[in-house]
Amino acid sequence: MADKDSVKHFPVSWEELHRHAKALAWRMAEKGPWQGIVAVTRGGLVPAAIIARELDIRLIDTVCISSYDHQNQREARVLKGFDGDGEGWLIIDDLVDTGKTATVLRKMIPKAHFATIYAKPAGRPLVDTFITEVSQDTWIYFPWDVELQFTQPIAQQRGGL
Ligand SMILES: O=P(O)(O)OC[C@H]1O[C@H](OP(=O)(O)OP(=O)(O)O)[C@H](O)[C@@H]1O
Ligand SMILES: O=c1[nH]c(=O)c2nc[nH]c2[nH]1
Ligand SMILES: [Mg+2]
């Protein structure tokens, strides 16, 4: 699991996220039609909205799972599940990291197609479709979690060149 000691940061802008979500929508358009979308809260909500718009899907359900307190992983807590085996449904989450959330989803909704925008190697085998892979020691920063702020020039960060 990438955690707060991770060395690599992967900040994603709104524009990049929109572009990657649309790339996922193109891939999913080829594999449809879909009965509906299951958005995995909360990270899957924004990608699911973009994909629902592109694929003209109006039926959207949620599965509510929480497994991180900020960057610290704990037991996955299912706050709301899904009825049915998921045949014809598309599950959307923002990313797979360790694959813990994906494992819960697979067991809960075995026949759905599971798609994420980003995947790290440990979770990758559990996703049917993803757009971009990042290394396991990378933390992805989503646009809804960050704000623009001043950052030290590299020379100062390195203590003067
Ligand atoms: O592969 P894993 O190690 O399980 O990690 C991936 C999950 O972790 C994050 O959700 P989180 O539980 O932090 O909740 P959030 O979507 O509400 O931010 C992310 O949105 C994925 O759902
Ligand atoms: O914002 C996030 N970035 C990540 O890389 C990650 N991994 C698990 N959960 C995550 N949340
Ligand atoms: Mg999540």
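Cβ coordinates are placed from backbone N, Cα and C, and glycine is handled just like the others.
TrEMBL does not curate its annotations; it predicts them automatically.
What TrEMBL records for the GMP site is D97, T98, G99, K100, T101, W139, I140, and among R58, R74 the residue it adds there is R74. Among the binding-site residues R74, D94, D97, W139, I140, residues whose Cβ is positioned under 6 Å from ligand 1 are identified as D94, D97. Annotation: V96 carries the greatest number of neighbouring Cβ atoms among the binding-site residues V96, I140 [cut-off 10 Å, Cβ to Cβ].
Cα spacing between K100 (5-phospho-alpha-D-ribose 1-diphosphate binding site) and W139 (GMP binding site): 16 Å, rounded to the nearest whole number. In three-state terms derived from DSSP, K100 (5-phospho-alpha-D-ribose 1-diphosphate binding site) belongs to a helical segment. In this structure, none of the binding-site residues R42, D94, V96, T98, G99, T101 sits close to ligand 2 with a C-beta under 6 angstroms from any of its atoms. Once Cβ contacts within 10 Å are tallied over all protein chains shown, the binding-site residues T98, T101 are led by T101.
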